[in-house]
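*Asks:* Starting off with a structure, shown below.
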Amino acid sequence: MNKAKTKIVVIGGGPGGYVAAIRAAQLGGEVILVEKEYLGGTCLNVGCIPTKALLHTAEIYEEAKNGAEYGVITNVKLDFGKAQERKKAITNQLVGGVQGLLAANKVKVILGLASFDSKDTIQVKTTKGTVETLRADRIIIATGSMPVMPPIPGIEAKQCIDSTGALELQEVPKTMVIVGGGVIGVEIATLYSTLGCKVTVIEMQNEILPMMDRELTKILRSKLAQKGVDICTEAKVMSIKDDGVESKITVEMKDGTSKVFGCEKALISVGRKTNTDALLLDRAGVLNDRGRITVNDKMETNVKGIYAIGDCTGKSMLAHVASAHGEVAAENALGHEGMFDIKTNPSCVYTNPEFASVGLTEEQAKEQGIDYIIGKFPLMANGKSLIMGGGDGMIKFVVGKEFKEVLGVHILGPRATDLIAECALSIGMEATIDEIIATIHAHPTVGEAVREAALAVDKRAIHIPNK
């Protein structure tokens, strides 16, 4: 007699939900995925992918404009409408790919808004106008997040946009004020300043990207300034006024004075909040803190059989974290053993130069009282970085003093967001710098600078003087 398949309902089709659905199907589950709007979620449709598509356009535009430096004389003209078309085509292709993968794994997809009836029953108001009731042995919540709009007087002005609106502009504005100097803020600042927009960033804290390594952040801030980006830290937006032509943004500066900034567009990027209100979590008894669902390292909620993953947990709101959560939740839902390990989670910022980090920053190591040492290698001493015009960057290791285990790695420079995977692996394996040093890195690559930075920990880097 065949054993009945475990019925799994996944709520949300973003990078957490669709990965969880596919993994659950691979493990033999009978899977239904409910998505209220579009497969791929924020990341694929209005986040990671479209942002990086437009940033790549900006990078090519900048390289072409500066082509004379490389011996290429060009007369460059930006067609932003064409860039938007390309962005949409990439998104459509990837969404189609997700649809195909779900179908290939026999995952049933229902388009509609899901809410709990009880701890094992979901009600779906479908986009067709019908209502479906789904019973499940296991439920995985993956409803993501949405932009926060703070209570700033005048924020309803038509010039005020969120990150989605910033990616849908059909023309490059002449001026833009970005409220918030986190990842989204600095990436959009990079995009539009490269394309000719005068950008000002307003950040409440004492530095942009406050969770990243301070030493490298200062280098990035200098690079943004070279692009004409004005950055005001320890500053607070007091009000926004729409005069019919542009927004007038009144800002309290760190010295206590007020300054008014005029702009065609004001991007509000002060963070994101969980998208859980419509779930009616109380009907299932799921614990949450103002919408942030409480989970353990197995992605289990307090209710047996209900899991939550990705942004809706209020933890690290990154697509790759959601996907990792999804695999863990699916494995546990199907009787396997899965555990999420945050220490190998990289943070990536797609500025120019790119900025990537994994593990502890120097500041965090110091705060935790860890006895550590540092190894740094400037990319001006790396041939491939110079070839690519990225010599202003750096690779920095934070290493335990006694055993030389890798605690954190921070990279500012070309290919940083790709190079960080090697460093995450080293932390996950509890590797020492000796194991990185013993690994031959190809030449000429930016990657060989990772090995040089590891060598620098012991003051034996080859291509810089060791002090």
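We number each residue from 1, going along the chain as drawn.
Glycine too: its Cβ is placed from the backbone N, Cα and C atoms.
Keep in mind that what you see is a predicted model, and the values were worked out from it rather than measured.
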*Asks:* Looking at TrEMBL, which one out of G100, G112, G271, G285 binds NAD(+) in the same site as G180, G181, G182, V183, I184, G185, V186, E187, E203?
*Replies:* G271
*Asks:* Could you tell me which of C43, C160 is bonded to C48 by a disulfide, according to TrEMBL?
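*Replies:* Matching partner in the record: C43.
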*Asks:* Using a 10 angstroms cut-off on Cβ to Cβ distances, just flag whichever of V186, L318 is the loneliest among these binding-site residues.
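*Replies:* Candidates: the binding-site residues V186, L318. Fewest Cβ atoms within 10 Å: L318.
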*Asks:* In Å, rounded, how far does the Cα of G182 (NAD(+) binding site) sit from the Cα of L318 (FAD binding site)?
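*Replies:* Counting only the Cα atoms, the answer is 13 Å.
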*Asks:* Restricting the comparison to the recorded positions C48, G144, D311, H320, which residue's C-alpha is spatially nearest the C-alpha of I184 (NAD(+) binding site)?
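*Replies:* Comparing Cα positions, the closest of these recorded positions turns out to be C48.
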*Asks:* Looking at the recorded positions C48, G144, D311, L318, whose Cα is closest in space to that of V186 (NAD(+) binding site)?
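*Replies:* Spatially nearest to V186 (NAD(+) binding site) by Cα position is C48.
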*Asks:* Just give me the nearest neighbour of G144 (FAD binding site) among the recorded positions C43, C48, G180, Cα to Cα.
*Replies:* C43
*Asks:* Among the binding-site residues G144, G180, G182, which residue has its Cβ surrounded by the fewest other Cβ atoms within 10 Å?
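*Replies:* Comparing Cβ neighbours within 10 Å for the binding-site residues G144, G180, G182, G182 has the fewest.
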